[in-house]
Structure formats: C-alpha cells, structure tokens
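Peer 1: Annotations for this protein, taken from TrEMBL, read as follows:
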- B:7-26: transmembrane segment (TRANSMEM)
- B:38-54: transmembrane segment (TRANSMEM)
- B:66-84: transmembrane segment (TRANSMEM)
- B:117-134: transmembrane segment (TRANSMEM)
- B:141-160: transmembrane segment (TRANSMEM)
- B:166-182: transmembrane segment (TRANSMEM)
- B:194-219: transmembrane segment (TRANSMEM)
- B:476-550: domain 'Transglutaminase-like' (DOMAIN)
- B:612-630: transmembrane segment (TRANSMEM)
Amino acid sequence: MTEHLQIQSIISNIEKVMIGKKNIAELAVIALLADGHVLLEDVPGVGKTMMVRALAKSIGADFKRIQFTPDLLPSDVVGVSIYNPKEMEFEFRPGPILGNIVLADEINRTSPKTQSALLEGMEEASVTIDGVTMPIPKPFFVMATQNPIEHEGTYPLPEAQLDRFIMKLKMGYPHPSEEIEVLNRLEKRMPIDELHAVISLEELINLQKKVKDVKVDSTMKGYIVELANRTREDTYIYLGVSPRGSIALMRASQAYAMLHGRDYVTPDDIQYLAPFVFCHRIMLRPEARYDGISTEEVLSRIVKRTPVPIKRKIIQ
Amino acid sequence: MSEKTRLSFLSLMIYLFVFILMVEWLKPVIELTDTDHLNLFCLFLALSFLFYLVKLNWKIAIPLKILFIWWILVSIYTEVSFFSRDSFSFLFDTTIVNIKALIAQEWLAVTDSFRTLLFFILLWMTTYLLNYWIRVRQNLLLFFALTVLFIAILDTFSPYNGERSIVIVLAVGFLLNGLLYAQKVINENKVQPFGKLLLTTVLSLFGLIAVSVGLAFVLPKAGPSWPDPVPFFTSSSTTHTGREGSGVGGIRKVGYGENDEHLGGAFFGDDTPVFYATVPREQYWKIETKDTYTSKGWIQSDTEAQISSYEKENPIALDISPGQEEELAVANILMRQEFPFVVQPYGLTSINSLEQVTLSLNATNQKISTFRGGDTVPLGSYEVSFREPTYSLQALRETTSESLNGLTTEFNRYLQLPETLPSRVRDLATSITENETSLYDKAKIIERYFRRNGFSYNQTLAAVPTGDTDYVDQFLFETKLGYCDNFSSSMVVMLRSIGIPSRWVKGFAAGEVDHKENNVPVYEVTNNNAHSWVEAYFPEIGWMPFEPTIGFSNSINIKYDLDITANDFDTPVPVQPPSSKDKPNTEKTELSKGFTDVMKSGLEWISNRKAAIIWSCVGLLLLSLTAYRYKRKWISKVLIPLYRIRKNDWYTFEKMYHQLLKQLSFYGLGKEQGQTLMDYAQQIDAYFGDKNMRNLTSVYEKGFYGGNREDINYKKMRESWENLINQLSG
C-alpha cells in the first residue's frame, strides 16, 4: 500500500510553498483524488493561486488560470473557432478550460452565462464548441474562487451550481509566525519555481481509480445517508443536502481514507469531511439567521446527534 | 447443500406454511357456507403459491391460472368435456347471463358458477397479497394475527369448531414468522456464511415451538372461564334462571333443573329467591336423588317408578327414617318460584298445606310431587314436619364390608358405574380407604379426601369433559377445580367403586338467615343455594347424607355412644396419595398425571414454605441490589474467565469489544451517540493513560468498517481488553 505515501508526497511538496495550510492542501488533494472540484471562498492574497500552481506542478500537470470579469464571454472560457484564411477553414483555439488544473478566479464576478459554461464543462468533463464535443483531458480539476467581500456587481452562484463543487474551503489568514515564515522564504527567491513533479499524471489517474476501491461498509453508507437525511429534516434548514452531496461525501471519504493509508472508510473520515462537503449545499431558513446560527453550527449539531454505527443492525 | 439451495429450501418452507394457514381460512368458509370441493380450492392455492415460489413469469402464470379456474368451473358445473366446444359456449353463456344479472342488480340471479369464479378471484387476490407480504414486506405478522382472530371468532360465534385449527395456525404461524425473519436477516445482512445461522435459527425455532406445543398438550387445562356463547345465547333466549349443577342445558322455566346428563362448565350466580324456610335449625333441602352415572352426568335409571300417593298431614314413608329421639320440628316453606314438588328436610314425617293437594312419592328417586286432580301443581306455601335422623357412632363403626354381601339386587343400581370409568379412579378409592375397616370410616375418608390434596372450589373454572373424558376422572386427576357437582359425583363414584351403595342427591343448601319471626330464623334460599351432595347406604343403618364439597357442611346428628374420645374420631387419617403403581390407562393419561403430580407436590412444597420463600426472595433481592451496587468490584472476575473460555476469533472479539463499551458506560465513561469510536478511544486512553482502547478500536474498526479480519493478534487484543476491564474494577 504505497498510495498514501504518494499522496503524502504531493502534500508535502505543496507545503514547501504554502506555510501553515496543511489541511487546505490536504483537502484540495482529496478533492482532486475524488475527481471533484473545489470552491475556495476567500479574500485575495492569501495564496490561492500559489496553492493551485503548486498542486499543478507537483503532479506535472499544466495549469491554466481564468480571471473572471463581468465582460468575459463563454468563448473566452471554452475556446473559439477562428477562420484561418491561409488554410481556408475554421481552426479551433482551445480555451483555458481545456487544461488539467484550472484556477477560475473570482467566479462570481462574471455573468451567469459564462459561469454556466464553466460549470457545464466541470460536470461533463467535456466542452461543446460549434457542435463539436471535445473531451477535457484527464485529470481535470477546477479550483474556483469566490470573493466574499464584494457584493456590488457580482453574480452569486445559484444553489444548483454550488452543488457541483465537491467541497468548499476557506483558507483564512496565516498565523503571524507563519506569515513571517512566508516572508522569510520569499525574501530571496520564489520557491514555486523550484518545485518539481513528484508523481506523473498517469500515476495520479491511477490513484483516482484506486480511490474507488476503498471499502465503504454498508453501515457507513447508511451513516452518510442518515446525515444527509437529517439535514433535509432539520428545522433550521430550508434546503438540505442532495443525493449528489451524499455521493460527494462518500467519494471524498474514500480519498481521505486512502490518504491515511486505510482501505476502508471510518466514521471519523465522514465526520471530518462533512462540513467541507455539506455546508455549501445547505440553505438555512431565515430563523437561523435571526438566532445567529451558522450553517457550520447546524451541521455540527446534526453530526453530534446522529448515532455513529458501531454495530451491525439486525433489524433494518 | 449450497447456500442457494438452502435459501430456496427456506422459501419453500415459507410458502408451504402460508399455504397451510390459507387452508385454515378456507376450511371454515367452506364448512359454514356449505360449499363443496375444498380440495379444488386448495389445489388452486397450492398452484398459485407454487408459481410464486418458482417466480414463474406472470405472462405464463396468469393464463395457466385462468385455464385452471375455467377447467374447474367446467368440470364442476357441466358434464361436458373441457376440450369440447361446449365448454366454450358454457363459458360464454354464463358470462352473458351473469353480466345481465349484475347490470340489472338482480343479485339472486347470479349463478353458482359465477360465484365460484368470484371466489377464485378473491383467492387469487389473497395469494397475490400474501406473495407481496412475503417477497417485499418480508413480514406476515398481520396475516398471522388476522388468521388467529378469524379462527377464534368463528369458533366462538359460529358452529365451526376451531379446536384443531387454532393449534395448527398458532404453531405454523410462529414457525412462518420465524422463518421469514431468518430470511430477512440473511437477505439484508448478507451474512456469510449463513448456513450455520440458518440451521441454528430454524432448528431452535422448531425446537422451541415443538416444546411449547408439547407442554401445552400434556399440561392440565382449565375449562373455559365463560361458557361457549353460541349455546349460551340460544339457551338464554328460552330460560331465565340458572341452577347450579343443572349443566348447560335442561333449565326449565318452571325453575328446577331436571337434566343432569351433562355436568360441568362455568355457571353464573343468581340470587333470585326460590323459597323462604322458617325453621329452627339449618337444614339441607333435598328434592330428589339420581342413581345412574353416565361418565358425563347423572340420569335416573328406573323410569317406571313405584308411586305411592299420600294425603296431606298423613305420615310419609321415605327411605330415610326420622330420628326417634328427636323432637318434632316444623318448617314453614314459602315458595317464591313454582315448584310442583316438595323440598324435604332430612327426617320428614308429614306435609301440610292450606291448598288442595295430593302428594305422590316416587320411591326410586325419593321425590315428592304435588298433584291436584291428576295434574302437577306448584304449592305456594306448606308446612313440613320432620325429626332429624340420628346415627349411632357405635353402629356406624360396626359396619363392615362383609355386610355388603347381603344386599339385595335392588341396590345394584346404587352400585352402577360406567364401563368406561378409568381404573385409576377405583385404584384411588381403594388405596385411600384400605386402612379403614368400617364402611362409615371409609366413606368419611373419601368425604374428607377433597379437603386436602389440592382440590379447590371454583364456579367459573370447572371443566366440561369432552370426548372420552370422564367427568369424575377429569376432576380427580386433572383439574381439581369445581363445585358441588364435581365433589358429590366424585364421592359417589368412589364410594361405589369400593362397593358402598350410594346415590347423588339434588336440592338446596340451607341458605342465609333473612330475618326472624317469633325468634325463629327465616332462611332465604336462592338459586345460588342449589346444591348436590351424597347419600351412602350402610346395611342395618340405612341411608346417610355426606357432604364432600369444600366450604359446605351438613350437620348430621351422630350419637357419640362409643367408649372412645372424640379426638380419636376426629383424628384425620393420613390420606395415602395414589400409589405410583397405578396401572396407566394410556400413555397420555400417565404422562399428564405425572405432570400434575409433580406440579401438585411442587405447589404443596411451596405453600408449606411460604414465609421462607418470601424472606429468601427479599434476601435475594437485597443481595442482588448490593451486588449491582458494587458490581465494579467483581464484574472483572466474572467477565474475564467468561471470555477466556471462548475461541479466539472475530465474533468473540466483537462481543468483547461491545461488552467493554457497556462496562465503560456503566463506569460513567459512556460514548456519546454522535462520537466516533476512535475519538472515544482517545478519550478513554487519555483517562487511563495508556493505549489499550486505541489498540482495540483500530482493530475493531479495521474488522468492522474494513471487513479485514485476518492477521489479528487476538492474544494481544485479549491482553488489552483484560487490562481495561481490570482497570474498571480497580
């Protein structure tokens, strides 16, 4: 069982440039292994781009970045066919989405039309331009960022779109001592330039396949479904977690178990990942806001109250 | 046997049992509606269940079933061959006729064949529903409960006899539900390997049900606590009073039960006054005697009776002579119900009434009827003069068995016993009386036999003998619960079986003092006081009454003219329990007798040590409470050896782990329900300052969530487990 060593090496590689953000790096790698995409909600300048670039470099994948602006068109994302007068025919110029690792920066600043072009590509892992469907090369990993500060002139992602991200992460500011360390490292050189790939793309695809072999016991499936169900029934929650959310939690738990060198999912995996996977899929009722309760609090209460299966039930 | 075969065998059993239950539904329906061809309906059911069992495609199953129904209809209702064209035309014609009738709402015009068809469709729907319950819901409890209810209701409120049916339904139903449950568990948990589980489940289920059915079969059964409502309803519509001992039937509107052919069963209290007797001393009021025991009740043998007529005030010659030395007493009887006969105190000499009446004494049953001009008439009030008979104890003690040899054939009817009387009754009577020499003492022993030996008086739980069961035998050996009829009949039968002529007497007990008139008590005698007792005949003494019924007493004048102390007379002679050498009648009775004997002696043992038992219960309770309170001190000493003897395998480990969780929870370190095991293990280890719980938990998680149960070092696990358990005790 060497998979977890390979994964650990990716994470420690990222850690060379990211200081004090091990858990975020870990989660991003988990999302990548689970073949999902991540939504990062954070203020600018905390190292989002750095992390994605480090991730891309660590796996030897090409890295594309799309800066979303209000005037961005779908063709700017997926690509366009341009008439080549020399060859007398249309030539396809692939857009930035046709890369392995894509950073979609400030996704909420662009129009819904362009947003959905990206999101469709994410969901189907292919783009259609002028009636021609082109598959996006594997592995395909989108990290979209959202700026929580600005609201003027933004188009918040609708719930249905949010559901497509396997998890939503927040980086937050580094600890002062960590920030000093960042300054120290960047004083003379750019460590990102010195990063080398630790595994190949083929190895990564192989890892993605192996994630699916991690055993999810029937009791664990039951536990995931029970958690999802309780979000649907909670009095504070207006919209609960969809079955897609349950699948996402299962897949992420498998990747997390693999990261820890296990070939089976435990309730700890599920409990650890539940906030990252479930929170952005839950819409609270206004009452929750009046009571000053956040989604995280509602979810942690649900997790606390849901019995962890520790015995096989005879009667179902 | 492969697992697949096992599973299909399981389903085969389930469908078979469902089929049996369905047949139990069909039987009463067929019987109560006078329908024929139960076999064909059963065949249809069997066919349907077979199709469901083999999961035959509905495209084949439905046409097959339709063909089958059609074939049945054609072969039952017509003579034509199924394969002829006529069968088609029959089908066509009936359909037309019935559809017309249905449209016209002429329900009576619907033909039988059409009704049969509808019944088949009903059966079809039922089997479909049952299949749904078996396959999808995997639960048949509702159907089982409905079946029991259905049979019970039909048995209670209709002529259908569900005695056999209910036993079958209960046994099969429990089996069925158990098997379904086993199947459900196997299906849902994918238990591997389930062969062992299946075997243990099914075998234990069969064993359990067999044992309970067997026990229920051999144990004595009390009679019904309320009478079968069907005869009750029919009888209550024609009668208005009950008389104790008059049995289920035979209650006349005139008020006195004549029919004692079927004794037994519960009866209801009725305090309607029958008559008022103004008499100085409590008296038993005799009406008549019966001489022939039929194993179910009593009848009078000689119907062509010797009748002698008497005018009022003339002395009447009854076969019990009045006491010579007693004063003449007079009882005033004021009737409240119309009895065309006289209630007689013992020692009656003459009867007087203001009304015009002729008295006629029937010598065979000692009944005095009242006539006027050839017809029986009830008297409103009359006076009875009597001298209470006295008996010399000396003479009684001198009665011997040899003197019985001189009895005339006239007494044969008082020695009659049915041939079917089980021999253990005789054996019992012989064994309890063999130490006595005089006939009187023998009779007294029998009279007193009921006061001990576990008999009790009960009006509601008295059993009705069914089938070949003998009324007396059932009471003596099986139920031991009953009222006067049971006690008196049993005593008569026992007396007769040792050769003492005896007869069964009906009448009324003394009743209660209602008020006093001129210092003479007036007794109110109600239907509740209806009673039966015993008269035994001793040569040279004559007839003498005995009262075997618990809770009743009939004071008889006995002259203590012997030179012995009264104490000696009253010393109870130890009653010999029926010897175990009793020849068993059949194996069944032997077995049940063994059981009742064991139970009886067990109950006696318990009742003799009531206080000791109560105190030891209290002590045990206190002890267990203390033990529970301080169980932390000793629980490890129990648990560790208990689990040490088990195999080192995953199942033991799983049990040990859960036991540990339980003990930790008792200790006050319970796991919260939303807490994961690993999280909990860290908490526990932090508390005890070691790594035992984490070691155990990681192995448990690996085995449980990961299904990886190999390479487990069970020895090490056991060590960690024992450490933790010991820490909990320490």
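Placed from the backbone N, Cα and C atoms, the Cβ positions cover glycine too.
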Peer 1: Can you tell me which recorded stretch out of B:7-26, B:38-54, B:194-219, B:612-630 has the most Cβ pairs within less than 8 Å of the transmembrane segment (B:66-84)?
Peer 2: B:38-54
Peer 1: Going by DSSP assignments with H, G and I as helix and E and B as strand, what are the residue counts for the domain 'Transglutaminase-like' (B:476-550)?
Peer 2: 21 helix, 36 strand, 18 coil
Peer 1: Give me the stretch from B:7-26, B:38-54, B:141-160, B:166-182, B:612-630 with the greatest number of Cβ pairs under 8 Å to the transmembrane segment (B:117-134).
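Peer 2: Answer, by Cβ pair count: B:38-54.
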Peer 1: Are there residues at least 6 beyond the ends of the transmembrane segment (B:612-630) whose Cβ is under 8 Å from a Cβ of it, and what are they?
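Peer 2: Same-chain contacts beyond the ends: 606.
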Peer 1: In this predicted model, what is the average pLDDT of the domain 'Transglutaminase-like' (B:476-550)?
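Peer 2: PLDDT averaged over the stretch: 86.
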Peer 1: Please give the sequence-distant neighbours of the transmembrane segment (B:7-26): residues at least 6 beyond its ends with Cβ less than 8 Å from one of its Cβ atoms.
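Peer 2: Same-chain contacts beyond the flanks: 1, 38, 41-42, 45-46, 49-50, 52-53, 126-127, 130, 134, 140, 143-144, 147, 150-151, 165, 168-169, 172-173, 175-176, 179-180, 182-183, 186, 198, 202.
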